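Undergrad: Sending over a structure as structure tokens; questions will come in a sec.
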Ligand SMILES: C[S@@+](CC[C@H](N)C(=O)[O-])C[C@H]1O[C@@H](n2cnc3c(N)ncnc32)[C@H](O)[C@@H]1O
């Protein structure tokens, strides 16, 4: 989303109610995405209106649950869910073509351990996820909102991580990754300043790239541009 589009959206009065971490783009669905949504939404789709989730009922079992916020086209989420069939995965994304693309990938991989929301993650966390329900929350390459005047739109903020913390079980992990150095510094500052988290990096900075995080499109692009990538893991200690 370019700044001029954002300003136009704001001028149209679309997103002035609250500061959100996204501007909803009306991207067209491909035929494949539309077909996957039609086929798989009844089994894999979750809605904000359903309210608080009973995970045992949703997945038909008790298992550690990983929540990914802003999964984009879902490639890394599907790869992780396929690599860890013993865990439950929930993905949240506001971009409908991304949700369709994720369901297509999930069908191809034959996944039964993934459910998805097409909704604002801030509201899903608040209204649908019980306290202590999650083993891991992961946010990979969230929109960096490069300009200083847009930094307030960044998802990783003190209020957001404080609202997220009780959703993790004690010892549960928040895993963040970004290819934008200034956002990495912002993440480290927010997380280091937040109470009841422990930085899992030995030097209290960033961790080496964890092997369970697959390469995403954004990371590959960043690598081509010569950007670095920064991973952070913090566990809930209180
Ligand atoms: C830069 S993309 C990265 C996508 C993916 N994680 C990857 O690495 O390829 C950030 C994504 O987060 C989504 N997003 C931003 N804010 C969100 C929110 N509050 N709830 C759900 N999704 C959100 C955007 O729609 C976008 O698809």
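FYI, residue positions are counted from 1 along the chain as it appears here.
Cβ coordinates come from backbone N, Cα and C, glycine included.
Note: TrEMBL annotation is automatic and uncurated.
Since this is a predicted model, take the numbers as computed values, not measurements.
Positions annotated as S-adenosyl-L-methionine binding site by TrEMBL: 68, 93, 120, 143. What TrEMBL lists as substrate binding site is 147, 179, 216, 217, 218, 219.
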Undergrad: Where the criterion is a Cβ under 6 Å from an atom of ligand 1, which of the binding-site residues 68, 143, 147, 179 meet it?
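TA: Listed by sequence, the hits are 143.
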Undergrad: Using DSSP, would you call residue 219 (substrate binding site) helix, strand or coil?
TA: helix
Undergrad: When you measure from the Cβ of residue 68 (S-adenosyl-L-methionine binding site), which residues in the chain that are at least 6 apart have a Cβ under 8 Å away?
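TA: The list for residue 68 (S-adenosyl-L-methionine binding site) reads 76, 77, 80, 89, 90, 91, 92, 137, 138, 139, 140, given in order along the sequence.
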Undergrad: Pull out the binding-site residues from the set 93, 120, 143 whose C-alpha sits within 10 Å of the C-alpha of residue 219 (substrate binding site).
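TA: The binding-site residues passing the 10 Å Cα test: none.
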Undergrad: Using C-alpha atoms, which one of the binding-site residues 147, 179, 216 comes nearest to residue 93 (S-adenosyl-L-methionine binding site)?
TA: 216
Undergrad: What is the separation, in Å, between the Cα atoms of residue 143 (S-adenosyl-L-methionine binding site) and residue 179 (substrate binding site)?
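TA: Each residue's Cα considered, residue 143 (S-adenosyl-L-methionine binding site) and residue 179 (substrate binding site) end up 10 Å apart.
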Undergrad: For residue 147 (substrate binding site) and residue 120 (S-adenosyl-L-methionine binding site), determine the Cα separation and express it in whole Å.
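TA: Roughly 22 Å, rounded to the nearest whole number.
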Undergrad: Please determine which of the binding-site residues listed here (93, 120, 143, 147, 179) has the lowest count of neighbouring CB atoms within 10 Å.
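TA: Selected from the binding-site residues 93, 120, 143, 147, 179 on minimum Cβ neighbours within 10 Å: 147.
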Undergrad: List the same-chain residues at least 6 positions away in sequence whose Cβ sits under 8 Å from the Cβ of residue 216 (substrate binding site), in sequence order, or say none.
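TA: Once residues fewer than 6 apart are set aside, residue 216 (substrate binding site) is near 72, 75, 76, 140, 141.
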Undergrad: Do me a favour and check the Cα-Cα span between residue 179 (substrate binding site) and residue 120 (S-adenosyl-L-methionine binding site); whole Å is fine.
TA: 22
Undergrad: S-adenosyl-L-methionine site residues 68, 93, 120, 143: biggest Cα-Cα distance, Å?
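TA: Pairwise Cα check on 68, 93, 120, 143 gives a maximum of 14 Å.
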Undergrad: Return the count of C-beta atoms lying within 10 angstroms of the C-beta of residue 219 (substrate binding site), excluding that atom itself.
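TA: Around residue 219 (substrate binding site), other Cβ atoms within 10 Å: 20.
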